[in-house]
Amino acid sequence: MKNLHYKDFFWNSDLTCTGGYDAIIQYLNDGKRVCKEVEEFMKARASIEEKYAKDLLGLSKKVCGHNEMNSLKRSLDVFKLQTEHVSLSHLQLAQNMRDEAKKLEDFREKQKEARKKIEQQMDALHKQKASQFKKTMDSKKTYDQKCRDKEEADQNMNRNTNNTKHMEKLYSKAQQAKQNADEADRLYQQNVATMGKTRDDWMKEHIKACEMFEKQSVERINFLRNTVWTHLNQLSQQCVTSDELYEEVRKSLEQCNIQEDLEHFVNLRRTGDKPPAAVVYENFYSGQKSPTAAPPSRLPPPITRRGPLPEPTQNSRDTLYSTVQDAGYSLIQFI
């Protein structure tokens, strides 16, 4: 299939019309606007990456697992360190994006300057062409009018053949009309020739401009495509970089040994390997310990009934005390 080119498809049948050229300029302006939009998009994305990186960096500085110990603490330290590295990689990504946006801006400005010279030259040619076309058309009108005046003078002279003096006047008038017609014809032909040269010059420059504009379109499309491609490569590389950094955390977690951490805690904080002795019951009144080491209970001791009081004797001076279990206890008895 034959390639289509600007120089073959942006002409107009009207010599003064600039529709084809204007269509190309509109397309180039739209392309410049697209470059600006992509540039602003990448700058905005870089700002987002930078903010994310700074927030992530701040997060990596926060306390996390400070009181943990041994292998899990080492893993948590690696986790924080790699989080910091991820944040730094995002900062670098933001800078790379800004660099690419700057390249796009420079490219856009370079094309703008190159186009400016061509557009100024073409605008001057368009004005020159329009001015010369108007002058040529005006000279044609003058030429046509002078030719009609000449014909009318010739007809008047041919119709009046009786009066010699009048004939001379008509003849002189006809001669003047002929001279005027000849001068108008000469001026008209001169303007047509100038118009032809102006048209040729304009066509040559139009072709050059079309070729230059087409080249810019090719460069712009290629540059934009490569810029977006590079942008995506940067994002993909960031994912790879982040995954590599996170892999270091996973490797550290694989080395985290639960039993080792438990043993480390035991060895570091152990307080003794013997339990405390059992608490035995001690009777306040008897001063003797209970034979059984039953733990004290919050419940009151069981109530038992006292046996019959012993018969008093004359020889006994012993004093009897009641225990806490004696429900009928009332006083101390003396014999």
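Any Cβ shown, glycine's included, is placed from N, Cα and C.
Automated prediction, rather than curation, is the source of TrEMBL annotations.
It should be emphasised that the depicted structure is a prediction, and the values quoted were computed from it without experimental measurement.
The annotation domain 'F-BAR' is assigned in TrEMBL to 4-261.
The coiled coil annotation in TrEMBL covers 94-128. Here the coiled coil (94-128) has a mean pLDDT of 94 out of 100.
Note on the region 'Disordered' (128-162): residues 15-16, 170-171, 173-174, 176-178, 180-181, 183-185, 187-188, 190-192, 194-195, 198-199, 202 of its chain, located 6 or more positions outside it, place their CB under 8 angstroms from a CB of the stretch. The region 'Disordered' annotation in TrEMBL covers 128-162 (among others).
Among the features that TrEMBL reports, compositional bias 'Basic and acidic residues' is placed at 135-153.
Summarising the annotation, TrEMBL assigns region 'Disordered' to 287-318 (among others).
According to TrEMBL, the compositional bias 'Pro residues' annotation covers 293-303.
Taken through DSSP, the compositional bias 'Basic and acidic residues' (135-153) splits into 19 helix, 0 strand, 0 coil.
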